[in-house]
Amino acid sequence: MAELLAIKWDDNRDKLILLDQTILPNKIEYIEYDTAEGVYDSIKDMIVRGAPAIGVTAAYGLYFAAKVAPEDKFENFFKYLKEKSSYLDSSRPTAVNLSWALKVMESKALENKDKDVKEIKSILREEAKRIHEEDIEICKTIGENLITLLKDGVGILTHCNAGQLATSKYGTATSPMYLAKEKGWNFKVYSDETRPRLQGSTLTALELYEAGIDVTTITDNMAAMVMSQGKIDAVIVGCDRIAANGDTANKIGTMGVSILAKYFGIPMYIAAPTPSIDINTKTGEDIPIEERNPEEVTSRFGVWTAPKGVKVYNPGFDVTPHENITAIVTEKGIVYPPFKENLKKLFEK
């Protein structure tokens, strides 16, 4: 079984290589990119998806923009860079890692404003690679922290894809699953199908199956049943943005899963790289929620599944109230309620 990586970097050819996640699980194909415009399209069209992976991809996209930026003086170079940063940031408004990575790249350019512009371009190349490598380490550490909350024989429910395909490697929510397999644990994963784009069945189930992990796909409306049957000991999901009070935006349907978990007394864990925590966003009400193409709901695989012309509401995300969350697990440690106080402490370390 082959290891599936969402993001690859070809250092010799200066190209970003992305797994086309829109055609999984039927085809495994990679697409090469070397322009900011191409990277924008890859994020907008969900060739690449998942907040950490989007952030890494955007960093490379801004480097590609820097490559063709004016070189006469820093002011002109940085003006162009800022314009392209705003352009890339508009591709997916909910994932905070996107704006975080772009700000890191902008700051790196400003730190080196007294250097030759050609040298700054090389520095930005290395910074994008550093963000990529850091994401791998973050994901592994999140897994190491999460696995301390689990035990051999555990039954896990996950929603959408916060796996290796949503990050540079390991995933966030799936990281403890890969580590548990390495330890030889006997455990079972239930993967919500995740309507309407089916990331749970086409992505999470695929990557776990390819890794030899015991995974079972269920439709979203089966989650209550498997919980009631005692098959689930923990719910682990990723996130796209966490507000200062712990409210968490994640793929549509996550809030419903959290309500079920609370009802059945099952712990709900959020796997979260610290770049996904937005201390400047006070509550979930302040998180922008992307609305997507209605045809994601009304048609699938070229077949209409609803009357043509029917009204459709298709938010890509919902917000899980902090009251429903047992713990937020980051690379810096496990955060328990009260989240408003304890999340802030992460950034004081």
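All residue numbers here begin at 1 and follow the chain in the order shown.
Cβ coordinates come from backbone N, Cα and C, glycine included.
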**Candidate sharing the substrate site with ARG49, GLY50, ALA51, GLN199, ASN250, LYS251 (per Swiss-Prot), from ARG92, ARG292, ARG300** = ARG92
**Message:** Using other CB atoms within 10 angstroms as the count, which residue among the binding-site residues ARG49, ARG92, LYS251 scores least?
**Reply:** ARG92
**Item:** Within 10 angstroms of CYS160 (site 'Transition state stabilizer'), Cα basis - recorded positions out of ARG49, GLN199, ASP240
**Value:** GLN199
**Asked** Can you check what DSSP calls ALA51 (substrate binding site), collapsed to helix, strand or coil?
**Response** helix
**Message:** Between the Cα atoms of LYS251 (substrate binding site) and ASP240 (active site, proton donor), what distance do you get, rounded to the nearest Å?
**Reply:** 8
**Prompt:** When DSSP states are folded down to helix, strand and coil, where does ARG92 (substrate binding site) land?
**Reply:** coil
**Item:** Cβ-centroid neighbourhood (8 Å) of the substrate site, ARG49, GLY50, ALA51, ARG92, GLN199, ASN250, LYS251 excluded
**Value:** ILE54, ALA95, CYS160, ASN161, ALA162, ALA166, GLY238, ASP240, PHE317
